[in-house]
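Beneath this line is the structure, given in structure tokens, with notes to follow.
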Amino acid sequence: MRARIRTARKALALAAVASLGTGLLAGCADDGGDDSSGSSSGGKGKTTITLGLFGTMGFKEAGLYAEYEKLNPKIKIAENVVERNENYYPALLNHLTTNSGLQDVQAVEVGNIAEIVNTQAAKLEDLSKVSGVNKADWLDWKWQQATTKDGQTIGLGTDIGPMAICYRKDLFEKAGLPSDRAEVGKLWAGDWNKFVDVGERYKKNGPEGTTFMDSPGGLINAILSSEKEKFYDASGKVIYKTNPAVKNAFDLTAEAAEKGLVGAQTQFQPAWDQTIANNKFAAMACPPWMLGYIKGKSQPDAKGKWDVAVAPKSGNWGGSFLSVPKNGKNVEEAKKLVAWLTAPEQQAKLFKVQGSFPSAQAAFDSAEVTGAKNDMTGDAPIGEIFAEAAKQIPVQVIGPKDQIIQQGLTDNGVILVTKGKSAKEAWETATKTIDNNLDQ
Amino acid sequence: MTTRHDTAAPPVKEGGAAPGRPPADAVSEQEVKRRAKLSRRWQRDVRWSPYAFVSPFFLLFVAFGLFPLIYTGWASLHQVELTAPTDMNWVGLRNYTRIFDDEFFWNAAKNTLTIGIISTVPQLLMAMGIAHILNYKLRASTFYRVAMLAPYATSIAAASLVFVLLFGRDYGMINWALDVVGIDPVDWQGDKWPSQIAVSTIIIWRWTGYNALIYLAAMQAIPQDLYESAALDGASRWQQFLHVTLPSLRPTILFTAVVSTIGASQVFGEPLLFDANKGASGGAEHQFQTLGLYLYEQGWVNQHLGRASAIAWTMFLILIVIGIVNYVISRRLRASS
């Protein structure tokens, strides 16, 4: 009798151990297949399409999901948002390389699109042949960025960030500079050197305690974005150290920093936000989405004091793509959704609500874009200005490690000049850091 | 051999070695076999069951501790990128040999050491002082103890965010206070020593209370009569502290020193969040990049998993060396007492 009880107890213990163990191992196992099936059937015969996004892309806020669900009663849309791309992107890479945990649609930031195109294209659907997708709708460079060498387009562009110069009319006037946007644009038309010259003029008469531009990072980013080639050449070779365009951008920014024309700040840090709130600078390179950022950080009395002028040369800053992993559960439905979400009409709606500028040139003539106004810039026809800038953006060669290189030039480079280092020392620190970071 | 009390003791039903039991030959052969079988089973039970009972921990350890450790070692011998983790390129010990002339690694190692010292030493001294004060009879002592532990319960992210604002160069409260006293503003993020002090401050703020509570618990275990007799001998409070409290706390102090050393060698969250938006480079000139941060930068920002794995193993080896040194010192101390 006792023996039986003991064996029973032992069996129970063993069973518990075994189930714990297997549960544990199952937890580590590939869960790609059955995991997504749970979320893909939304009950009552509906198909749920999931989107993996980062930041605030605004599809939901602009009511686009609700609209699509109304048009397609059998579809339900769910999104899964990670706040910061630097947390979102490594996870996306992990999911792609292990073929598990993927959503039906995955967003890709422009800074990562070259790496995705180069290394993960085989895992993503070619979206160029989906019905309703018309290559001519997009700006050519945007389309090319997500297209592989053998002609597969693995991401459809959502928004872009055509850059103009946002400036404070009141501060420009105090410094004795013109404040009309056409005249301001003429001051530096076509040449970033002229832009820095204007900065010197500003410094002479501008209000005490303010700088011409917000930060060295903002300036070098604007210059580099307007070049055809920056860190990679067309064959994919890293050329940042020998490309004169990069060195010129670096030296010009270092010069501006040495002369005290830029604030000693790093963009998007709390202290930089505070310089916006305290009106500490007169101009910054800004894509449309930056106006929303400025608004969020400004005091109410700064409304209407900003204006937007054409940049010396146009460049792009930011923007995203939507991709469909081959491993997804609802590949066909997901493709249809992506085609619809990135169509010109939807991009125009998104711009109106979210300020993300359309990458579809077909949307540039829509009422949403031509009639666009912003609280910070008063009556300025920002839609037209940014649309004009978007058309001037060069087809730039982008590479997989653009972000690492630019971060090195900015955060381990030009910022040092604001702390009293020479341009040469800053360049050395930057290149040493970048080379170490690129070395596999 | 251990004595098997369970099998040797007289079982209730089957009789056993107790007096009055029937002669042995009365037991049928079947019964003998049955008993032998049972006894074998019990033996096995006693021998193997403990292993089954402790196995959940070890299964977990194998899955989440040992396997990653070994796999990291394997990966460290390869060139592997995050974009294709299964595509491994054998490079032998190159990832280790390059560490010897990787100035960023040694810079990070130095920073880890200095931040470790700047944060651990004041932290433990202050914890000792606070514990000593809390050991007196105080009103609302529970309140103070809970308050001590509050920073420990705060998330690093939230704490670091607040400290970044406090340590701001242009608009920070600390520079404002310094300005009132007439000291020039300090660039707490950009300059080497100020940034290391600032990062250490976050660590000190977070862990002092925790260590104080450990000291307090140990102090309360010291018998009261020791203090009484010391007082009778005319020892002052300070002398009591030096000659009664400190010697009794020796093992506890060793424990906190070991734990703090391990913690200091792994510092990561504070320096990462102290200059967010700059990736994991730990400042413009890597002035507060710790080893943990460098490892993270190589692995998750630069996507070089092979290099990151080699750094992880090197850190592991350094920790083992520190552990051995700790052990030797603590044995010396124990022998001398």
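The backbone N, Cα and C atoms fix where each Cβ goes, and this holds for glycine too.
TrEMBL annotations: computationally assigned, not manually curated.
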Which listed span TrEMBL calls transmembrane segment, if the choices are B:91-112, B:113-134: B:113-134
For the transmembrane segment (B:48-71), sequence-distant contacts whose Cβ falls under 8 Å of one of its Cβ atoms, 6 or more beyond its ends: 316
Tertiary contacts of the transmembrane segment (B:113-134) (same chain, 6+ residues out, Cβ under 8 Å): 141, 144-145, 148, 196-197, 199-200, 203-204, 207-216, 219, 241, 245, 249, 253, 256-257, 260-261, 264-265, 267, 271, 288, 290
